[in-house]
Amino acid sequence: MLQPSARHRPLTQLEKQGTLKAFVRHRSKAQKCEVVRVSESCPRPLITQKLRNVKQRTSSMIAQKLAIAKQGSLRLLPSGPRRHHRLLEVIRDTIPRTLAMASKGDFEDVYTYNILQLNEDMIADDDALRFPAVRAATQALKRVKELKGSPPAEILIVEEGTDMLDWLGAFFGFQADNVRNQREHVVLLLANYQMRTQPPPEPMDRLDCSAVQLLRKKLLKNYTMWCSFFHKKPNLWLPKTAHTIDDRRELLYSCLYLLIWGEAANLRFMPECLCFLFHNMARELNHIIESPMDAETGDPFLPSSYGPNGFLNKVVEPIYRVLKAEAEASNDGKSPHSAWRNYDDMNEYFWSKRCFKQLSWPLKQFSSYMVAPKKSSRRVPLLPGQQKKVGKTGFVEQRSFWNIFRSFDHLWIGLILMLQAMMILAFNGDGLPWHVLYDKDVLAALLTVFITWSSLRLMQAVLDAGMQYSLISSETKLIGIRMLLKIVVASGWTTAFSVLLARIWMQREKDRSWSAEANLRMIQFLEAASLFILPEVLAITLFALPWIRNFIEKSEFGVFHALTWWFQIRLFVARGLREGVIDNLKYTIFWLVVLFAKFSFSYFLQVRPLVEPTRQLLNLHVEEFEWHEFFRNHNRFVVVVLWAPVVSIYAMDLQIWYSIASSLVGAAVGLFAHIGEIRNIEQLKLRFPFFASAVAFNLMPEAGRLVSEALPHHRLVALYRDMVKRVKLRYGLAKGYTKYERSSLESWKFARLWNEIIYHFRQEDLVSDHEVELLEIPIPPVSWNVSVMQWPSVLLSNEVLVALGFARDWQGSDDQKLWEKISKNEYRKCAVLESYDSFKNFLLLILKEDSKEYTIVQHLFKEIETDIELKHFCETYKVNELVEVHSRAVGVVEVLLNKPGLKDMQKVVDALQNLYDVVIRDFPSHNRHYESLRVAGLVTEHNKLLFVEAVDLPDPTDEVFFHKLRRLHTTLSTREALNDVPKNLDAKRRIAFFSNSLFMNMPHAPSVERMLAFSVLTPYYSEDVVYTKDQLRIPNEDGVTILYYLQSIYPDEWRNFLERMGLKESTQPEDDLWDGKDMARQLRMWASHRGQTLSRTVRGMMYYQRALDILALHDAESEADFKDGQANARLESLSGSHKSSSKRSATGASAKGAMPRARLAKKVKIRKAVAGLKFTYVVACQIYGAHKAKRDVRADDILFLMKTYPAMRVAYVDEVLTGQDVQYYSVLVKYDTYLEKEVEIYRIQLPGPLKLGEGKPENQNHAIIFTRGDAVQTIDMNQDNYFEEALKMRNLLEEFNKHYGIRRPQILGVREHVFTGSVSSLAWFMSAQETSFVTLGQRVLANPLKVRMHYGHPDVFDRLWFLTRGGISKASRVINISEDIFAGFNCTLRGGNVTHHEYIQVGKGRDVGLNQIALFEAKVSSGNGEQILSRDVYRLGHRLDFFRMLSFYHTTVGFYINNMLVVLTVYAFLWGRVYLALSGIENVIKNSSINMALTASLNQQFIVQLGLFTALPMIVENSLELGFSRAVWDFVTMQLELCSVFFTFSLGTKCHYFGRTLLHGGAKYRATGRGFVVRHERFAENYRLYARSHFVKGVELIILLIIYEAYGGTASSTAVYILLTFSSWFLALTWIIGPFLFNPTGFDWLQTVYDLEDFQSWLWYKGGVLMKADQSWEVWWNEEHDHLRTTDFWGRVIEIVLNIRFFLIHYGMVYRLHIAANNKSVLVYFVSWVYIVCAMVLYMILALAGEKYAAKNHLYYRAIQLLVAVFIGAVIVMLLELTEFEIVDLLLSVLAFIPTGWGMISISLVLKPFLVNTMAWPVIVGAARLYELAIAGVVIVPLAILSWFPGFQAMQTRILFNQAFSRGLQISRILTVKKQT
């Protein structure tokens, strides 16, 4: 365990504990311990006794070993005195403590396990171990005796129990719990592969070689690619012949990789680093196996990491320390990305061969890679042998808006060149563009496109060099050479094209025509251009032949590397990304259509209309300007103003065309996928007869299918047969798919599955008990013995009465025709037959068998059946009297439904007699005499009263009987179709979606045993687990509690819950619920399952376990099982619902049923064990340990969840204080049902703190080692799942085995349903927007565009693929703040495939309040601002082909860029109009055609702002799923509820945070809370959140609009002004008033007053050291501008340039003052600054006076104020008398100087580092506070006005919430007021 050099070091406590475990838990060769068998059925006393026996035997063994050690008998130990000494020291030190521990009975760990009880020394009776595949995998791991290498000395004592992982762990220093964890991991993987092997291997309990080989290939594929990348031979010594497999060595390699991965901690984010570690450790493994002795020393060869925790201490921790130092250098993400190495930089170091030379093996601590950044800025000299630190690797993230162009240069070059070409064509012709191409002048002008093209290439090369220069080093000289050559070549092309074009025009001008020489020079230019575009032609050719492009990029031939070096740097990723020909064709056609529409629109409606006005403007001569004009000789700046909004729209309207096209294509794809075909109960009725076959076809495995499809020549045939079956099934084209056979196995299976779904609806309180009875399919013993299959009652409603109507109106005597008329409807026929059979059984059941009446009833039914069989029914009976017979029969049923007792016997007798009289006297066609009735046995002998003594009343507690009777009553008496069952909208939606999905295309389900195993991983930090009592009961300021809120918006579910709790009739249900502990917990769970809590997520995910249990049982059952009398008992054992206490059914049980029951119990047990092998659920509760230590209620709630769901596992990071150091561990715990407490399963030490980067991916990363299976589904804790959807999970997992295009998928996209849509109008808006994105949007991205990434947590990952490629997310600080999408980026860059599947869905919650939504969108927008800086986006933008790049751009960062361009369009238009108005140019052109063009430019941005096109996807998807009329109605309703205001407001949020992050950074995680928003947000809180993103911008727009209205020539007419500026006013007012429209009680007058007082307190409260932003304005002000403190030089420059715009208003308004006297000199403007300086001086005087005298010498302060006022008054009087100054100039001056002051403050914030210590800074802060007060005044004025209007608050509440809550809110307020009074 120790290196020889550490001979005299005392043993650590950890080393002693390791040896202690070896003694306690293993057997020696000399003495074997008896195996303890513990199973679920084993009683606790027996367990205790067995453990006591184990304790005694273990103590005896330890004592014997101690005696041997004391005697010095070490013959079992290896040679070598050092090892003898060490082991003897361990034994002598640990044995006494071991005996003490044994005496305490501390043996809990002897049967603590995760999934498999693999510790066979203690426990071996495990149901999972009964599977041959599991036994085979376990035995395969124990083949270590034949290995040449000798294990270390410390493990020799337990050599007999050693397996491969123990062997590897001892050699390479892996932790014991890591070994245990990976042992189970490997066994499960191998067992599952063995189970899926076809044909099944013989024998089954021997591991098939193909399973081992498959595991090795999956785990080491990335490693072999990595070796190939370096032209290195992998250190995998495997047989070279194809048919020879060394499964033992393959298994060793797989185990070694998993052990490395399992202990790598944060290094798991660096997949190629793991490849490097494995490469070297595999070499050492080969050395151990082939040459176990060291050639130099003669001692046994030991790996570099040998020793206790050697791998952690010697390999992981050194690299981790560097990672940690780099993370600290990031200054919590505030340092520039270029100043520190992130995870990608650390990993990409291993993409170059220098990792072998510099880092070497064992790891060189002084290599350049291992040099950590210095904390101080002072340069420290290098130590001897130390190399210079490695900087950024592969890519440098530089913050600049130029990244928009740099990452997507192909797009922008294309747009710029097309705009240039269109402008040339438009300015040179009036017709169609191709008509002017015959003009050589135009052709020559078009050649300037090549100059522009080459110039843009030059700009791209300069940007690359300017941003990536730090990559250049002595080891990466080629990168620098390539950058330089790119600049030189691009400069050369630009110069060459310019010279060639100049020569053409010089010759053209010289000859005054296109002479032969001019044509020759043009040909020379075209020849050069042909050479220039040759690479593009080659790229197009390779695009048409994608397999060639993929081959070249993936090839490792040096020739190909040399050829492609110029075009792209050779990377380990981003190679071979081209799709197949068919996929290429699909998305190429899509984008060609979109581009054609876009450029046609741009040419004819954007460019051409501006040509003539541009010419006129350029020729226009303005005589008189309204200000001092610097550019009098031309109007070029006016032309810029004209074109700016048009160019802005041109740059972004491709997003609109994409939105339109994707909506139409998405609708088409959805239609072909059969989405939305079943939407309501009526459509459900039409399809229900086919459901059993649909379930059998899709959800149940078919015997023999897999074997036949394994044959290649049968696959096409099987595919064709499947397609035919699906068509028949979907449309009922074959008889076999239209009849629902009662006796068929598939019908029984479907009935039970359907009932399970309905029962889960009941457990979720979506349906009531009565609705359960209406929806379930009766099966024994809760069904009568009828001749037809019994449909759900909801389908049979009203059918009996319709049939009676046919009979009442029937005039003929033909039985057949009447029956055919009734039987046209399958449900009606079944309803009639079921009612008849059920009523017959019912009557015979309530009559005594030995009574005469029983015989009479039998004869009566026999007579009727005989007439029906002979087809004489209509002749024998009056069919129109069936109505009366029906009425009397219903009367009998209703009397019995009241559960009559003996005192009510007469009512029963009367009802039976009435029925008897009608049937005997009125019903027959001919009156029958007494004698004929007596002969027929239909009367008694003495004609006495019937039924008096013949009735046997049912037991009132016989629920089974009354259940059947209620169904009979429903079928007989329902008078209308039950189309409103279930009433709950969510239940309706789920039933409709599940039903519809059964007819969609999905892979066939394998058996549970053969399905892919999977895990679910949920990261959790500190959110709500279960709502506490206080959270539910404490009211907000409006007197509304969360519980009342939930009762209001879910009234039906609340009633169902009370019914389930037995409190339906209670007058005070809440008090009754809170009184009982269990019921109180049920109430808390009910509320939590309607919020975004962890308990809701856990319940939903554990449906997978439940579904697999049931499906496994279905897989094992046969026809005989269903016909067995104990079928219902089996159902009860599974469902736990509807348990019967019937005496009748109990007496009917026979003794011989005991054996089937026992067999079933065993079968259920085995099937549940199968489900355990296939599903694992891990919740990564990162700080669960801290919660437990603090006794946090969340820890108790998590423990309760583990008790409720024993299969749930919790992983957390435990911090253990050891002296002055803290050790960190990844811990996995579960709730042990035997010990009845939480137990620890694994504890794996980490090298240090978990969080180095973003917290959530780090949390996922630490817990992913505890997941199992081939797939992992990432689920956030605001998500839900549904039982019926869990049934389809094994179908979804089969998608991994299908090819989509040329690749199999690595991520399976899953549809989401946003379940928070009913909470409020805002939640509905978000739900609708999100639904269209996660359905139609993702559908199109996957097919045909092939650029779907990972956007949501329900996606299912190919676990082993991602395990070896960096994990399921990225974690670098700030740059990966949107961590999820980077998994999709990584997948695509590494050649993966992402698909989307809509036959299965997962629930998801969204933020429901405006502030929550704003914080979420701020986080996402900031994340996109960081994404555009990332290497992933840059590489995808360059390595994807052009059309996939377009798709990628417009669905990721491009969406936010285009949103920003929309806002910039408004700014460009308004600032342009203000410039024209203030300069006076607009007055000159207002009556000319030029103004028409200006108006046209405005109209375009008006159309853009309407957002109708961007709302199209939402309308289209709703039309597809809900119907067109419903979609239109919903859209109109949303408009009435102000959705346009919400979406416009959200536009401002996206634009602000995206732009700010792009320029300055500052992205951070923003916790939204995810709670219910039923409380009022104070004005100060809204101001803090929206001041910079909305209020300031809104006020700016309003000022611009006011100035334009005052001075704009075009706006002289009010109607014209409104038409031109309506959209701008809407935008500005929305940004100002929006937060209050969607704020509960936002327009309550008293609340507004309180808010204003609170705001003033916050504004004037001075900050302090410990103050928070919500306490002081000054603290908030500093934090809000903190991004300017960390921005770079260019960020500061751009911010200053942007703020200069505020001075334009000042400049233009000064010349409009009367005091200017029409003087246009520039001195007027400079003189105006004197007034600003004077105002500043006066303010400084007042501020200093206030600070000095306000508190102590108040009179002095008032005197100074008076003097200042007198001075200002005197100045005003002087100006009025001596100049042309007028009072109105004061208002105009305020309008002019306010923007200037704001601009000065904004610039001062940029220059804060230079001003903060000067005297001017307090003045700036004071002025800023006044500005904030002014902005708040502008915002609060409309708020106060609207609060005054009576009824406006009620209208707002009605808009914001649904009607039920709105009414409840008003009532709650009234009650609150009464309580207060």
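Glycine too: its Cβ is placed from the backbone N, Cα and C atoms.
Automatic prediction, not curation, is the source of TrEMBL annotations.
TrEMBL annotations:
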- 1133-1145: compositional bias 'Low complexity' (COMPBIAS)
- 248-364: domain '1,3-beta-glucan synthase component FKS1-like' (DOMAIN)
- 1133-1154: region 'Disordered' (REGION)
- 411-430: transmembrane segment (TRANSMEM)
- 442-463: transmembrane segment (TRANSMEM)
- 483-505: transmembrane segment (TRANSMEM)
- 525-545: transmembrane segment (TRANSMEM)
- 585-605: transmembrane segment (TRANSMEM)
- 1453-1478: transmembrane segment (TRANSMEM)
- 1616-1638: transmembrane segment (TRANSMEM)
- 1689-1710: transmembrane segment (TRANSMEM)
- 1722-1743: transmembrane segment (TRANSMEM)
- 1755-1776: transmembrane segment (TRANSMEM)
- 1783-1806: transmembrane segment (TRANSMEM)
- 1826-1845: transmembrane segment (TRANSMEM)
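Between the transmembrane segment (1783-1806) and the stretches 483-505, 525-545, 1616-1638, 1689-1710, 1755-1776, Cβ pairs under 8 Å are most numerous for 1689-1710. Confidence for the domain '1,3-beta-glucan synthase component FKS1-like' (248-364), expressed as mean pLDDT, is 90. Below 8 A, the CB atoms of the transmembrane segment (1616-1638) and the transmembrane segment (585-605) form no more than two pairs separated by six or more positions in the chain, fewer than 3 in all. The DSSP breakdown of the domain '1,3-beta-glucan synthase component FKS1-like' (248-364) into helical (H, G, I), extended (E, B) and coil residues amounts to 79 helix, 2 strand, 36 coil. Through the fold, the transmembrane segment (1689-1710) approaches residues 399-401, 626-627, 1471, 1474-1475, 1477-1479, 1559-1560, 1599-1600, 1603, 1716, 1724-1725, 1728, 1788-1789, 1791-1793, 1795-1796, 1798-1799, 1802-1803, 1806-1807 of its own chain, all at least 6 residues removed from its boundaries and within a Cβ separation under 8 Å. Remote same-chain residues near the transmembrane segment (1826-1845) are listed as 1579, 1583, 1587, 1591-1592, 1595, 1598, 1629, 1632-1633, 1636, 1642-1645, 1647-1648, 1652, 1655, 1659, 1673, 1677, 1794, 1797-1798, 1801 (criterion: CB distance under 8 Å, separation of at least six residues from the stretch ends).
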